[in-house]
Amino acid sequence: MIEGIGIDIVEVKKIRAALRKWGDGFLKKVFTGNEKKYCGSKRFPLLHFAGRFAAKEAIAKALKTGFWRKGLKWTDFEIINNGDGVAEVRVGERQKKRLRGRKVLVSISHCKDYAVANAIIFKK
């Protein structure tokens, strides 16, 4: 049974602006080491950073919390790709208790200027 749905769209230029303004501090606050490595390895890293940013926002919306309430941190959720290249969510220890075994699925897409993601949380 679906418990929460979230969606987010990000302009790639907003990620570019955040990197110019805050540099590595922005990356450290929002992305895990694995995410930075993955995105940095891509031909267009900003697209992939924007996609992961959108996915994390979508997760927060599906949880009905947002990132600035109830103790969520950007790095509590890591967006990884499985062997088939499909985006998956690795939940950090801080949030496992909150999720109580619920499953989080995400889907990410991007084009030249935008990245979009949705998240669905299923009851166990």
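Glycine residues also receive a Cβ, built from the backbone N, Cα and C atoms like all the rest.
If you look up TrEMBL, you'll see Asp8, Glu57 marked as Mg(2+) binding site. The annotation domain '4'-phosphopantetheinyl transferase' is assigned in TrEMBL to 4-117.
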What count of other C-beta atoms do you get within 10 angstroms of the C-beta of Asp8 (Mg(2+) binding site), across all chains shown? 19
Neighbour count, 10 Å Cβ-Cβ cut-off, for Glu57 (Mg(2+) binding site): what number do you get? 20
Please spell out the DSSP helix, strand and coil residue counts for the domain '4'-phosphopantetheinyl transferase' (4-117). 54 helix, 30 strand, 30 coil
Average the per-residue pLDDT over the domain '4'-phosphopantetheinyl transferase' (4-117) and send me the rounded value. 94
